[in-house]
Amino acid sequence: MRLADPRWIVRSLPVAVVVLVLLLIPPVFLSEFDQYNATTAAIFAIALLGLGVVTGRAALICLAQTAFMAVGAFVILWLNVHAPGMPFLIKLVIASLITVPIGVLVSLPALRLRGINLGVVTLAFSTALTVYLSVKGFPGAKQANFIERPDALMSEGSFYLFAAGAFIVVALIVTILGRTNIGSSWSALRESERATAALGRSAPIAKMTAFGVSALCGGVAGAIFAVQLGTAEPSGSLSPLGSLSLFALAIMVGSRFVEGALIGGALFAFMPTILKLLGLPQDIGDIFFGVGAILGLRRGFGAAEDIRDVLHRRRRKTAELGVAEPPVGYEPPSVPAPADGSAAALVVEGLTFSYGQVKALEDVSITVPHGSVVALIGPNGAGKSTFIDCVTGFNRSYSGSVSAAGSPIDGYSAHERAHHGVRRSFQQGRTIPDLSIEEYLRLGLSREQRRVATPDFIDDLLAFFSCPPRDTRVGDIDVGTRRLLEVAGAVAAQPELVLLDEPAAGLGGEESEEIARRIAEIPGRYGPSVLLVEHDMELVTAIAQHVVVLDFGRVIADGTPDVVLSDPKVVSAYLGEEVEV
Amino acid sequence: MFNYAVSGLIYGGAYALVAVCLVVMFRMVRVLNFAQTAIGAIGAYVAIILSEHGWAYLPAALVGAAAGAGVAVICGSLMSAWFADAPTERRSTVAIAIFITLLTLGFRIAGSTPRVAPELFGGSTFRIFGVNVTWAGLAVVLAAIVLAFLVDVFLRGTRLGIRLRAQSERPQTAELLGVPSRWLAVGVWGVTGAITAVGLLVVTPSRGADFLSIGLLILPALAAASLGLFRSTWLAVVGGVGIGIITGMTEYWPEVKQYQDIIPLAVIVIVLMWTQRKEVWDAAR
């Protein structure tokens, strides 16, 4: 779904109206004290939006969100001391923007660390910053040189409206960015880094942008927080403990959604008031966030997902998924012949790769002629998937050479190879359940390719692979169809070659036949040649023009299907029979 | 300076003890237990309050250890009831939520005023190479070493240890083989909870600490355990004692001393980055 898609705007309208009305309640109905709390709610809702990106969408554990807030607060207070004459808004913008490179810096460990290790390192960053700030203090804090609000924002009501406005701006930035390919790559990251790279997206860049956006949100929130208080202190809300409870809160409410962040911000700010009303001590709010997070983790999602799920289910009931309609009278663009008539789609020469002492591939040479389907078969452990990993750049420490369409691609990383005409699918099925079908397909396209991939082209592709209409969520379709969609995703970029790693694994007989028929037609209809790894011999003989057999990392046979499959060496490799060679 | 290094020993011993518990939890129950010190702090506080009421050291410490074990067993039961099959990452995230909950709860009950804890061996010291060493400091380091040794022997050499390792690697398969995974896991929680409570109790007097700062000892403990990537009890001991000694030495330079809490954090970042430097891709293939 593109940004300008009227369906998205219409669908988002009710949420936007509700959010706007909610945001307008405080200045009209609340006391000055509660308006102050409402400002705090807006500020922490902004911080939660950032956590929603990095932890909610990209599933990277970040325990440093209040550290980003502290950076924003530090910069605006520093500017207040050293450049007192600078207009307020400019100070705010500078404070927010300076936090972005800090976020990117914190993301660097994330290029190698994952899961809970990343959580430990981000918590360490947060704590180290607090230690530093405890010693040095925030600028102006010790001299009681506090930052003053501009005249127009002196009253609590007007300052609240300013903070709410900032929330709306940040929410729009995050939402719009979330709908672009940058946002889709965050969702892809959550699923698998390899799948992200296979779609031609750099996983490191996806991580850096996620952290950068998260830090931006933290910076905005921290700067406004400092203005609200007039100063800042390293303990309390901005401490590492604050980071942990904000993290718990983000899980509890599902802060990747705007309404989730808003609920979270309100809970954070009004918890003491609520507890007071209930006659409970006011400092036990974090207990609720901790317990709420545990409950959220148990169910796998937070409050905002609950609300969306109810709406979503109702919508889905009315419309069964069905299959995409082929556009009337549309033919995919004719497949151009290769410039040099002889250039093969893929030439691999002398490929050797070892896992430590074990040679997984030894001197493997395979050619996939332009416009053909070649099958790569062999018993389990023969090195087929390793071969695909080498060709697509996931294993790069091989010797030998790999060329696509006549030019060598050995120097390229996995996502660069995807852009140089080599696409792949994964044995386990690696579509991105979080995205709509169209977002998934477009994520794999470069800017030029997106221009060529018209809506008609995408509809034609989906109809050809019997996939549901393009606004269906990938998570809603069955596993068999997801495998077809993954193949469609690889084909959509119209690469030189698609490598399909057991596309029919785990599928029933009928589905296998269906997928085989489609694969056989890919070169003629859309252009890419196919290298197919498959165990299903019927499927292989039905669609491959050429078969290569690997055993213990070596090519043991190479030729047309009937010749190869009757080769005694091949029979022996599969059945373990002793034969004279 | 040697003096300062030795004075860091008592912290180092406590870090090492908690770090060994973290390794045990990580290896046997698949969780990086952020809540370890929060659980232990509750036990230590029970002991402190009892001794304030005139209890002798040993019975107070025993009841404190039992309290730590009790809290840990509740957390462990929750974990195995709801998150038995969840990946380590999610279980550890649950531990973060438990940490927040227990810390807030403990802070509410215990308040922010630092408590004076009873001193093990009455705070008595002995002299070695002209340096005063507290018996408590030596005891806690020895305890960490003994624990590391016992855990190592237990995991490698005993039937129950192998069962525990099996259930950690594949809880469902272990269950099918007749290993009572759930009870074993909860048992591990209880034992490490008790040990952590005692370790924190010993270290409290010299920290003169309130509940929050005891709970936050999780950071140096994590740093110590990260040295062996949360898998080696021996490296956890080395890490804990090392961090304690280095932190102690910073007392020598006043301008460095104020940043001493950054040391364990730097250790974490450097160790994890170095050991994981070749991990270009995530586990999802």
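Every residue, even glycine, has its Cβ placed from backbone N, Cα and C.
From a predicted model like this one, the values you see are computed outputs, not experimental measurements.
What TrEMBL says about this one:
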- B:6-24: transmembrane segment (TRANSMEM)
- B:31-50: transmembrane segment (TRANSMEM)
- B:56-82: transmembrane segment (TRANSMEM)
- B:94-113: transmembrane segment (TRANSMEM)
- B:133-155: transmembrane segment (TRANSMEM)
- B:183-203: transmembrane segment (TRANSMEM)
- B:209-227: transmembrane segment (TRANSMEM)
- B:234-253: transmembrane segment (TRANSMEM)
- B:259-275: transmembrane segment (TRANSMEM)
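Across B:6-24, B:94-113, B:209-227, B:234-253, the stretch most heavily in contact with the transmembrane segment (B:183-203), judged by Cβ pairs under 8 Å, is B:6-24. Between the transmembrane segment (B:6-24) and the stretches B:31-50, B:56-82, B:133-155, B:234-253, B:259-275, it is B:234-253 that has the most C-beta pairs under 8 angstroms.
Under the criterion of 3 or more C-beta pairs below 8 Å, with sequence separation of 6 or more, the transmembrane segment (B:209-227) and the transmembrane segment (B:94-113) qualify as touching.
Touching of the transmembrane segment (B:31-50) and the transmembrane segment (B:234-253) is ruled out by the presence of fewer than three CB pairs under 8 A, sequence neighbours closer than 6 excluded. Where the transmembrane segment (B:133-155) meets the stretches B:56-82, B:94-113, B:234-253, the count of C-beta pairs under 8 angstroms peaks at B:234-253. Proximity of distant same-chain residues to the transmembrane segment (B:94-113), defined by a Cβ-Cβ separation under 8 Å and at least 6 residues beyond the stretch ends, is recorded for 31-35, 38-39, 41-42, 45, 71, 75, 78-79, 82-83, 86, 210-212, 215, 218.
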